[in-house]
Amino acid sequence: MNIIYAIDLLGTMVFAISGAMAANRHGIDVFGATFTGFVTAIGGGSLRDVFLNLRPVWVDDGNYLLAILVGVSISIFANRQLYKLARTLFLFDALGIGFFCVVGVQKSLAYDSSPIAAIIFGMFSAVMGGVIRDTLMNETPLIFRKEIYATACLSGAILYVLLGLLSVDPNLNAFISAAVIFIIRLLAVRFKLSLPVVGG
Amino acid sequence: MNIIYAIDLLGTMVFAISGAMAANRHGIDVFGATFTGFVTAIGGGSLRDVFLNLRPVWVDDGNYLLAILVGVSISIFANRQLYKLARTLFLFDALGIGFFCVVGVQKSLAYDSSPIAAIIFGMFSAVMGGVIRDTLMNETPLIFRKEIYATACLSGAILYVLLGLLSVDPNLNAFISAAVIFIIRLLAVRFKLSLPVVGG
Amino acid sequence: MNIIYAIDLLGTMVFAISGAMAANRHGIDVFGATFTGFVTAIGGGSLRDVFLNLRPVWVDDGNYLLAILVGVSISIFANRQLYKLARTLFLFDALGIGFFCVVGVQKSLAYDSSPIAAIIFGMFSAVMGGVIRDTLMNETPLIFRKEIYATACLSGAILYVLLGLLSVDPNLNAFISAAVIFIIRLLAVRFKLSLPVVGG
């Protein structure tokens with residue numbers, strides 16, 4: 001349980017970094033960067049929790065907000081170094097979406113959502129923060145433009161629900177499903193895979 | 001009750017088609033089209049339910065999500081044919097917003113909102129999906145630009161509340177109010193009616 | 001208590017005016033102006049309440065919606081005069097964000113949020129309506145672009161929580177914290193203070 005909590009805080013911090021860096025690229029001030037880091041980090045999980053009629057976890061546990069402040073501070077004080085770490089950040093992001101997606105599916109099922117809604121909430125948990133970030137930056141959301149991203153999450157979420165129906169051990173299931181998301185994401189970027197466009 | 005449920009699923013599907021078609025027009029991939037179809041279909045009702053402190057219906061009932069998948073599939077596999085059906089889709093949309101608006105007012109009143117809030121929730125149920133769709137597509141929302149649309153919903157919602165205060169039978173009231181929305185919408189498009197702009 | 005309620009309604013009206021005026025500037029019709037006035041006025045508080053798992057106050061109390069209608073009507077019928085009152089509106093806005101911010105912190109703490117979340121909710125209550133307004137208008141949110149705005153709220157919210165920890169009388173604390181927000185905002189505009197941009 002402690003490890004899950006630590007990963008959750010770490011993932012929140014990494015998402016905050018990605019949001020703050022996007023704001024920095026747009027010439028937005030440090031408050032705007034903090035704000036964008038915040039919504040990127042908590043957007044997906046909060047939307048899921050609101051739809052499940054729960055209070056988002058960061059409302060009661062201040063540690064998530066501290067993790068975001070740390071992430072934003074890193075993006076401010078180590079802005080140039082972060083660009084050199086692009087590959088490392090990409091790997092963290094791929095790990096992060098796998099983790100957040102699986103945790104999102106688990107939480108949704110624990111609060112009695114239908115399995116198909118749990119799949120959607122898993123994906124939401126991983127990608128909606130980025131959608132809100134891009135909408136705030138006045139860009140077409142990244143998940144609509146680039147290599148397979150949300151689709152990787154969707155695949156992992158479907159896999160988790162299917163393996164759950166087959167009574168696979170939850171911990172093993174979580175590990176496999178998150179790994180599948182990570183691997184699909186790596187392959188997509190390595191081979192520049194993208195989905196077809198209709199009527200294009 | 002079964003007919004209402006069937007109409008609700010059908011309306012959800014039609015809204016999903018409209019969202020997915022918008023994404024197709026923007027050259028967005030099939031995942032983005034599915035995502036846009038989803039938020040267009042569930043956006044308005046979900047916002048209403050969240051403000052009423054309820055769980056949106058699709059969280060517990062997977063059939064709504066299946067209806068969306070059917071709608072998105074139609075938009076993908078029958079994309080060209082749909083453009084030829086523009087007039088039919090317009091009629092479905094006008095029927096759909098009337099239906100969703102009235103159902104939205106009824107649900108809000110059933111959960112003890114003030115009558116004026118119920119009017120707003122009725123309109124939200126019908127038009128907010130489209131607002132979110134247009135914001136995601138990075139466009140000024142359609143309801144701000146074209147012929148009377150949300151105003152038709154607003155008129156029908158006000159009528160429903162007024163007739164309810166006069167103790168008109170709920171079923172008759174629902175039929176009349178939805179019909180008024182449908183007719184206003186048809187007249188607005190036929191005669192290119194639009195609202196005035198302030199300071200224009 | 002009656003004075004707080006009256007100020008709350010007045011502040012809601014002023015925010016509705018600011019939203020409707022933004023829509024008027026964009027050549028949006030009267031419905032769109034009403035809609036934009038509405039989301040600007042209720043956006044921040046509603047988001048806070050949804051995250052606290054409460055029903056927004058306007059769902060049950062129709063007076064808030066009437067205050068919005070009055071504000072929108074003023075923006076429509078006195079559009080030109082309002083531009084001459086720019087300085088007065090600015091002062092009202094600076095007072096309004098101070099008031100909404102402090103009320104937001106108080107409500108969050110009353111519903112057992114963590115102090116750091118209460119600070120964020122205070123700021124949200126004051127500025128999120130404007131963020132939604134600008135996103136709807138398809139602009140980069142104002143809080144990302146101009147002189148210290150949200151930062152003033154953030155400072156006041158932090159001050160309120162700190163003075164609360166020091167057991168300062170809540171009414172005195174509210175007055176001091178709101179006044180600090182008002183003064184920071186005035187100084188920021190007077191001396192064109194803005195936050196630094198990272199990597200600029």
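Just so you know, the numbers here start at 1 and follow the chain as drawn.
Quick reminder: no glycine exception, Cβ is built from N, Cα and C everywhere.
Here's what TrEMBL has on this protein:
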{"type": "DOMAIN", "residues": "A:6-78", "note": "domain 'Glycine transporter'"}
{"type": "DOMAIN", "residues": "A:91-163", "note": "domain 'Glycine transporter'"}
{"type": "TRANSMEM", "residues": "A:6-23", "note": "transmembrane segment"}
{"type": "TRANSMEM", "residues": "A:30-47", "note": "transmembrane segment"}
{"type": "TRANSMEM", "residues": "A:62-78", "note": "transmembrane segment"}
{"type": "TRANSMEM", "residues": "A:90-110", "note": "transmembrane segment"}
{"type": "TRANSMEM", "residues": "A:116-136", "note": "transmembrane segment"}
{"type": "TRANSMEM", "residues": "A:148-168", "note": "transmembrane segment"}
{"type": "TRANSMEM", "residues": "A:174-193", "note": "transmembrane segment"}
What is the number of residues in the domain 'Glycine transporter' (A:91-163) that are helix, strand and coil, as DSSP sees it?
59 helix, 0 strand, 14 coil
Mean pLDDT, the domain 'Glycine transporter' (A:91-163)?
87
Based on Cβ pairs under 8 Å, which of the stretches A:30-47, A:90-110, A:148-168 lies most in contact with the transmembrane segment (A:62-78)?
A:30-47
Same-chain Cβ contacts of the transmembrane segment (A:90-110) under 8 Å, 6 or more residues past its ends?
4, 7-8, 11, 14-15, 18, 44-45, 48, 52, 117-119, 121-127, 149, 152-153, 156-157, 160-161, 164, 170, 174, 177-182, 185-186, 189
Which residues of the chain, 6 or more past the ends of the transmembrane segment (A:30-47), have a CB below 8 A from one of its CBs?
12-13, 15-20, 22-24, 56-58, 64-65, 67-69, 71-72, 75-76, 100, 104, 124-133, 136-137
Tally of residues which DSSP labels helix, strand or coil - the domain 'Glycine transporter' (A:6-78):
61 helix, 1 strand, 11 coil
